[in-house]
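Undergrad: OK, Swiss-Prot features for this one:
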- 1: N-acetylmethionine (MOD_RES)
- 1-26: region 'Disordered' (REGION)
- 80: phosphoserine (MOD_RES)
- 140-171: region 'Disordered' (REGION)
- 168: phosphoserine (MOD_RES)
- 171-323: domain 'C-CAP/cofactor C-like' (DOMAIN)
């Protein structure tokens, strides 16, 4: 009897194990099916994103070409202040179009658009000076070297951008200045208070590199801003039309407004941010974010010129390329506590 009972128990145990093994099969199959469906959905989403980017690129090109032609026509026949103001308004629209398209445009197309916009802005400034007799006389007496130094062909009937550059006041080259060009900024300085004004910055690329214990104030609307190899610096900048880049910085405090912020190899830095898209950090630690609070008398005008939407601020929407876990916050960046945001900028 005991042997029969043991045999029956063994059979029951074997049946239970077989049933458990069989129950695992559907779970594995279900898991594989879920993974397969997720992969299919990812590929589908990727195709859709590519199609959307392609459509957006076509829309950008068509809109930009149409608006550029309209501005060129206004500038060619600019005989009144009203027509110039209409051209200025359309140029602001083009600036906003570029800002809104920065994420899906190829780098070459983006640069071409920015250069075309810069030429049109220079042509507008030239036409405005053309309505003033004194400025017209100064333009006629300018040497041939300035007119012949352009490297980019302007639109038909529109003066090349370099003429506007040569005819406008340029910053004096101080110690540590990078010199007048499309790029301006400071480098290799320590324990200095550095400033640039709107007339020096407008739609130019700003490069700040190898600064230590410096305070930098940029009053105006640059096109891009790059800060590299800075230590214990304070940087205050007006609205930047496109991107701000930080690399290899430490123990800094920044106030910046921009379309996109990218931070690389930086640590222990506080950033007071206005960003219309998002911030991206990579190989960073100890980064703290808070809303942009710096202000100066002409900042509203500079925001309008930049094309940034001041009502939109994603200062706490940050992507960490070194932290892919969605269910846990990145340890590399955090929100600056409110009690620590009271900064005396000036």
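Each residue, glycine too, has its Cβ placed from N, Cα and C.
Structural setting of the listed features?
TA: DSSP assigns residue 80 (phosphoserine) to coil in the three-state reduction, outside any helix or strand.
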Undergrad: With every protein chain in view, what's the tally of Cβ atoms within 10 Å of the Cβ of residue 80 (phosphoserine), excluding that atom itself?
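TA: Cβ-Cβ neighbours of residue 80 (phosphoserine) within 10 Å number 10.
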